[in-house]
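> This is the structure, below, for whatever I ask next.
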Amino acid sequence: MLVLENVHTHYGKIEALHGVSVEVNQGEIVSLIGANGAGKTTLLMTVCGSPQASSGSVFLEGRDITHAPTASIMRSGIAIVPEGRRVFSGLTVEENLHMGGFFNSKAEIRKSQDHVYELFPRLKEREHQRAGTMSGGEQQMLAIGRALMSKPRMIILDEPSLGLAPIVIQQIFEIIGQLREEGITVFLVEQNAHQALSLADRGYVLETGRIRLHDTGANLLANPDVRNAYLGG
Amino acid sequence: MAANNVRHAFFSALITLIISYPILGLNLEAQGISVTLTGADTSTVIAIFIAVIVVFVFQLFRERLMDKIRELPILSARAHKEPMAENKRAKIESWIITGIVVLALFWPFFVSRGAVDLATLVLIYIMLALGLNVVVGLAGLLDLGYVAFYAVGAYTFALLAQYADFSFWMALPVGACLAALFGLVLGFPVLRLRGDYLAIVTLGFGEIIRILLNNWTTLTGGPNGIGGIPDPTLFGMEFGRRVKGEGNTSFHDTFGIAYSGEHKVIFLYLIALVLAVFTAMVIRRFMRMPVGRAWEALREDEIAARSLGLSRTAVKLSAFTIGAFFAGFSGTVFASKQGFISPESFVFLESAIVLAIVVLGGMGSQIGVILAAIAVTILPELAREFSEYRMLIFGAAMVLMMVWRPQGLMPMRRIHIELNRQE
């Protein structure tokens, strides 16, 4: 589904990714864990084409998107939930969702909107509330719902647990599991390594711009190095 | 109410003294070839002294005063009023607007020529402000060189009239489209910029256009400007005493009425009114279209908007282009109204005034912007009696306005909160 081959990414002269190869297969949940500054967000941004990879290639469903413009990548069946939620705080919940289905027909929007409300009944309750006035967990639900509005085949989540209460994180991860049931491929980037790895089919460990480890989620959880570095021993 | 307050009040008073004494108190007088400086007379000194004391006392008790004002029944009553139902409100609004437009159509026949002339100017500012509202209010791109597009529209008409004998109606779309093209061209280099940086580049652009017009003497006449810009015609009928254009007839002959200079003024007013209504309607339409939502999304959060597949380029360029289009529109009307234009009409102050209108009216709100355009254009005229102090009063009004209603006269209404009864 999504393949990164030996990707190098630069911010100006500084190289942030030193040849990263990652593969996400259809229907999987793949987690990418790593410390602050390891390059997790850079990797996601490279997939989205902002900044573009300076060498190596990115393939989405077999199509080379390494040098495609961001807007066209984001319209081709992939959706991203950006770090820190980034809902449109002045718009209502409903308007936020409609923005998510910007390029779809009205009928499609209505259908996906009902579906999102099914996944997150909480959003239905707050349909006409301004997004900025909601709690962090609700905003995260809205951000995920907004990403789902374009009916993506693959969804990328950047730190969905950031700054949320443990119980809310639990709910969010349940929903992510549910997305896999629906056949949506999930690429999850997390600092919350334990939860991310228990849910994932496979996982990658990113360290200072390089992939250090790559294994199934369960194996990584059991790996002593990973336990030491990311799970607190 | 600590020493802090006293110190603050003292400094405010000191600044008042420092600013007002040289401006009001000192006079330069020419005696022969030398210039002498004379001090203020007693009454001015007393007035300055009183002003300083007023500022001191006001600053000292400012917080208490503000609290008292907030508790005034008029203000607090409005704050607690429940909002009307959305559809009912929309219906009432549309009736009120229709009523105002109809009134505006007949109003010029009952008032003085000067008033109609001023109203035409108001309408031109309304068009300008509505256009800038798209760029600043909706798309959130701070544009300080908006007057450049206004100048492009005006000069397009003036030059086409001078060199190619274009009439107002032929030049109107050309001027607007050329301004839009300039908007597009300016849009490209500034796409990556945001906030302050964008403001500076647009400011520079505005100056470039003005200086170009000023110095390209062979084409634009430089500081001398261009005169003899034709008035608009009504289906080939001219409003002057004598017919100038070939094949045209004159308005007063056709209808067999006596010639009056007022006809032209009223006709210009009506054109401006129709175009202003047209501008408002087109932009309103845009706001409800996907592109309008895209502007707002980009203003709210650029990264989120891009993550949804919106192209930053397309959204920003469309805002710039549409804003510039309507500036060109009003520029053409302005050129026709004045009959003479020079680079002096397109200085930075014009950009600043239009921006002030948008901010005062409430960013993104059309009705607010229209009200603010009326207020900002008419207020200095009303304050004319105070002659040199009128800009002072104007400035004070703006400061007060921003202190009490920073969100503008009528902030954009996108709030439809429904109270949650569960929980």
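Even glycines carry a Cβ here, placed using N, Cα and C.
Please treat TrEMBL annotations as automatic predictions, because they have not gone through curation.
It should be emphasised that the depicted structure is a prediction, and the values quoted were computed from it without experimental measurement.
As listed in TrEMBL for this protein:
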- B:7-24: transmembrane segment (TRANSMEM)
- B:44-61: transmembrane segment (TRANSMEM)
- B:92-110: transmembrane segment (TRANSMEM)
- B:122-142: transmembrane segment (TRANSMEM)
- B:147-164: transmembrane segment (TRANSMEM)
- B:170-190: transmembrane segment (TRANSMEM)
- B:197-213: transmembrane segment (TRANSMEM)
- B:265-283: transmembrane segment (TRANSMEM)
- B:314-334: transmembrane segment (TRANSMEM)
- B:346-379: transmembrane segment (TRANSMEM)
- B:391-407: transmembrane segment (TRANSMEM)
> Examine the transmembrane segment (B:197-213) against the transmembrane segment (B:170-190) and state whether at least 3 Cβ pairs sit under 8 A, considering only residue pairs 6 or more apart.
yes
> Which residues of the same chain, at least 6 past either end of the transmembrane segment (B:265-283), have a Cβ under 8 Å from a Cβ in it?
101, 104-105, 108-109, 113, 116-117, 119-120, 123-124, 126-127, 130-131, 133-134, 231-232, 234, 239, 251, 322, 326, 329-330, 333, 336-337, 366, 370
> Considering only the recorded stretches B:44-61, B:314-334, B:346-379, state which has the highest number of Cβ pairs under 8 Å to the transmembrane segment (B:122-142).
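Highest pair count goes to B:346-379.
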> Most CB pairs under 8 Å with the transmembrane segment (B:391-407): which of B:44-61, B:147-164, B:314-334, B:346-379?
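Between the candidates B:44-61, B:147-164, B:314-334, B:346-379, the best contact partner of the transmembrane segment (B:391-407) is B:346-379.
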> Which of B:44-61, B:147-164, B:314-334 has the most Cβ pairs closer than 8 Å to the transmembrane segment (B:346-379)?
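Most Cβ pairs under 8 Å with the transmembrane segment (B:346-379) come from B:147-164.
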